[in-house]
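Have a look at the structure below, then the notes.
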Amino acid sequence: MLDLFKAIGLGLVVLLPLANPLTTVALFLGLAGNMSSAERNRQSLMASVYVFAIMMVAYYAGQLVMDTFGISIPGLRIAGGLIVAFIGFRMLFPQQKAIDSPEAKSKSEELEDEPSANIAFVPLAMPSTAGPGTIAMIISSASTVRQSSTFADWVLMVAPPLIFFLVAVILWGSLRSSGAIMRLVGKGGIEAISRLMGFLLVCMGVQFIINGILEIIKTYH
């Protein structure tokens, strides 16, 4: 049992800095400013479920999926970087509000009646939390621990789902507490956070792409 706790602790130490729930909370604050409390709670729960599912698939079938489709880790990083940068541009340069006219008001009311956009999978779960770095770490760790004799076989079977579940729970708790932050900073603060996070996401996306290109150069050099 002690080995199980050691494995879980080691997994959390490795994954939490990569998953970085606080970054996801800041992104959530920028994207969910106009959502109702119930919708924010629903998106928080869905994002946590998606993160758990992505990590489980990455651990048990990640390498198989990547080999089947011929996807490399550098390719995963570059693709994730493009997604992150695109999301960042949209946050940094949001669409301008329509001119105040009867037609614009009518259209605005129609849009308000429509369901809010689903942000749980993209970008909250992927690539913000379970991004290229997290997935790459899980896939590489999966192949490493299966060849290792540090832990018993039953620990290697039980620990990964528990680690991923705890990461998802930590993310869910962090996102649920974002409501208090929203009330504290107000709408203007949310817009400022959104622009700032947009800029940071563009930087992160570009860095993902650079890292992927550098890995390609090292591989084929």
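Each Cβ is built from the backbone N, Cα and C atoms, and glycine gets one as well.
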Membrane_side_equal(Arg40, Arg176) from Swiss-Prot: yes
Listed stretch, out of 8-28, 119-139, 155-175, 197-217, that has the most CB pairs under 8 angstroms to the transmembrane segment (69-89): 197-217
Remote residues contacting the topological domain 'Cytoplasmic' (176-196) - C-beta distance under 8 A, at least 6 residues beyond either end: 25-26, 28-33, 37, 40-41, 44, 91-92, 94
Contact ranking winner - 8-28, 45-65, 155-175, 197-217 against the transmembrane segment (119-139), Cβ under 8 Å: 45-65
Chain residues outside the transmembrane segment (197-217) and at least six past its termini with a C-beta under 8 angstroms from it: 26-27, 29-30, 73-78, 80-93, 123, 131-133
Averaged pLDDT score, the topological domain 'Cytoplasmic' (90-118): 61
